[in-house]
Amino acid sequence: MQKKKRVMSKALKVMAAGTIVFSSLGAIPFNTLAADVTATQVANDQVTIQNGVKAEYSQIIRLNPYFGNLIATEYVEKTFSENFGLNEPFPGLGKTDYSVKKTAFVVIPVSGEYMFWSKGDDRTSVSINGEKKLSTASYTAVDDKSMGHFHGGDVIEVSQTLENDKANGSMYLKWGKPNLVLVDPNDVRTDIPLEQTFPTRELAEEAAAKMKNNGVLTRYYDGIDSNVFKGEVVEPESFTKHYGKYEPYPGLGRDYYTVKKTGYIYISETGNYSFHGGGDDRYTLAVDGEVLIKDLMYPNMTTTGNLYLEKGTTIKIEQTMANQQQVGHSSLEWKTPSQSQFMDIPVTEVYESKEKALASNEDLSFEEANAAVNNLFTNKDPNGNITSTTTQADIDAAQALINKVTDPTKKEELQTNLNKAQSQLDAKTAQAEAENKAREAVNNLFTNKDPNSNITNTMTQADIDAAQALINKVTDSTKKAALQTDLNKAQSQLDAKTTQAEAENKAREAVNNLFTNKNPNGNITGTMTQADIDAAQVLINKVIDPTKKAALQADLNKAQSQLDAKAAQAEAENKAREAVNNLFTNKNPNGNITGTMTQADIDAAQALINKVTDSTKKAALQADLNKAQSQLDAKAAQVEAENKAREAVNNLFTNKDPNGNITGTMTQADIDAAQALINKVTDPTKKAALQKDLDKAKAQLASNGTLKPDDFVLGTTTITGSYSGDVDRITLSKDGVESGNATKTNGTFRFYVGPGIKKDQSLYMVAYDKNGREIAREKVNIAAVTAGQITPTAMTIPGDANISGTYTGDVSRIEVSITNEAGTTQVYKGGTVGNGTFKFYSFDKTKSPKDIIVVRAYDSVGKLLDTKTVTIKNNVVTTAGQVTPTAMTIPGNSSLTGTVSGDVAAIKVTVNGTVYAGGSIASDGTFRFYTLDKIKKADDTVTIAVYDKAGKLLDTKPVTIQAPTK
């Protein structure tokens, strides 16, 4: 492979050296001798990509006749489709008036008919295997054509050229093809994927060869039942495939065809296997000659039972799909012992012959070992270098796989390549050790072993010299240079270290002089000023060592903080005192708090006290603040006691109004609880008001009573009922006006109201105690009297579909009972009642004129108002009729047609025992019945039957079906 790549690179250099015949859309000579061309070709001397295209970039000098300069050629990991926008596609090419040609070798992923689609800004052309196939003349144009059939694993050379005049530049190349998943490919165009695109034919052929290791033997037949053989081919695919409306095989057509796939699978694990399949339109599946799914029609899918298979056996799968019209597809999934769900059978498991399936298992050890060895090397090439991530464990694992290979020739080849990897790894390990020792020695010179930091305090010139000796043993020039750079940093720091001590000493002396006894952990001197601090800061700024500089700065900051705090403390004490005094009347902490003082005011004063550092002054401030807090707490507690007492008293009364009556549920315990809360109130005025309201409740609790009037029936003259408790007298409130007194006897009462009470009047019975206080009031319910009648309409059975009639009065719903000739009665509820009429659907409930039908009417509360029996007229009519069906051609006709006569009102068609109702009958006696989805074959058994409007069978005829003439 490396030799092939070098030959290709040599050809590129020749291209860059002189005049070349080239045009994006034709063969026109142009010159190419740009200064940077050779450099570009050298940079791309090796084809290092696995997938991608060869891209040629040219400047367009003139369009007619075409003249241009080739700027560069490169191999890029890209697809054909690319949007350059307003950008320059390649350095030096320019943003307008350029041509980009992309060439690649494409591996066809699936057998079948292919559509290619091209578009670009401004013009494109596409060639396949050197022949121009597509072209567009403007940025809005699209060329979309069928390229005919390709076979899975074919390698085709594809070139697309873009010419851009100005502004945006783009090129798009897409294809449409059958799918190997159950997705309809019709009218779908997708970019040719990168993984199917290769920069050289050698790489494409290598991928295609690997692809052809697996697949099925596919046979194609014309029609869905004939044996007209059209051809067979081994296809590198599994069983699931969606053809859409594409022609599956040259000359087969896009409908009425049969595809039979045969594949062999080597069973790699013992256990139960099951299959799930189906197709469009008819699907059959056989395993080892046993038919598991037969003639399954679209859109049905089905699952087979379990098949117990032993590891090491080989099974033969035969899948047949017959397509009638439109799209065609087949799907086959399996569930293996190690799978929890159905999945497509991978093509890597399928072989076109039993021998190849068995051989695949025999070659597995070699392939696995070969892959393991190749993976040790860059680009998987044993003639190159090992990868940067290869370890001894990887080599040991590959050795274990080689040991399983039995073919001595293959085993020796693998061992030779593995030995190369071992030698390189050993050398790499030795060099890594030298590099590691040198790196360790250099890193040890620095704090935290970080060459980007400072040298350690104990590092000497001898340490630097020892590290230099180790660096001299490193052979990798890049790593050696990096080590030397870091060592030079250490040398520079060591040289500077001796001059830094003096600066540090001067700064330390200046800082210490700011403190009493020259101790930075103590207090500043009484005479220290800001000028002293500023002078010390100047000396600290000259210190380079960050640690020592930080320590000096920290001590200086202490002095600055103490100086700042000294001035700020007096201000903090004054603010705190002012805030505390403002809490009290006349600002006197020995008096009472102000009437407007809140908790927020205390919290704000507390925050200011917290800033005071003098303990004596802070304690005095805190003592005064505590006085204010105590007074505020007492004030809040009293308000809470008053609120709780008021709430308890108000809750004793209806609507919480002490000027009204107590609630019906109020007890002595409620009064006692309220009294306890009132006792806690200290304000004499508020306490007296609360006690006054509580005394009202106590007085009312002495009397209580209840009323329960009976329902009053319109037309009567007396209201009756019962009472209990402290009821002294009972009156009637009629429409808001009270009058009269009821007669009471042993807990019951009677009140004469006289005639004339109307149902819309408002009546209340009102009870009073001996003090004349109202203690109960209850509404009198007026019970209305309902009435109504129904008149059912006479019926004809069979014939009428509804029980209907009219009603008067308060009828709200109906109930129907039907008694048949056997004496069995069935009761039904429902129907519609409104606007004086009723209707009840009965077509499916009564069939005989001898049935007895009774209708009952009820009011809204379920009171029975009326019962009537429906009169049934015995209406027996003699009907007759005939049908004459027209012969059908299948496939071909989509509807059954013909003529009818007489009393025909309905049609039913029977296909292979299945009955279908429907169709339409015209006024001229012709009929039509849609059968495209019912009659599938010329040998289907079909009959037609006709009926009158009552469902009586009038005539039955067979339907003649014939196959189309060829």
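The chain as shown is numbered from 1 upward.
Using N, Cα and C of the backbone, Cβ positions are placed for all residues, glycine too.
Unlike curated records, TrEMBL annotations are generated automatically.
As annotated by TrEMBL, coiled coil applies to 411-440 (among others).
The feature coiled coil is assigned by TrEMBL to 480-507 (among others).
Per TrEMBL, the feature coiled coil maps to 549-578 (among others). Listed by sequence, the residues of this chain that lie at least six past the ends of the coiled coil (549-578) yet keep a Cβ under 8 A from its Cβ atoms are 504, 507-508, 511-512, 514-515, 520, 523-524, 528, 530, 533, 536-537, 540, 543, 605, 608-609, 611-614, 617, 621.
As a whole-number mean, the pLDDT of the coiled coil (618-645) in this prediction is 88. TrEMBL lists 618-645 (among others) with the feature coiled coil.
Among the features that TrEMBL reports, domain 'PA14' is placed at 48-192 (among others).
Per TrEMBL, domain 'PA14' is recorded for 211-349 (among others).
The signal peptide feature in TrEMBL is assigned to 1-34.
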| message | Please count the residues of the domain 'PA14' (211-349) that DSSP assigns to helix (H, G, I), strand (E, B) and coil. | response | 4 helix, 78 strand, 57 coil
| field | For the coiled coil (618-645), distant same-chain residues with Cβ under 8 A (at least six beyond the ends) | value | 573, 576-577, 580-581, 583-584, 589, 592-593, 597-599, 602, 605-606, 609, 612, 674, 677-678, 680-683, 686, 690
| note | In DSSP terms, the domain 'PA14' (48-192) comprises 0 helix, 85 strand, 60 coil
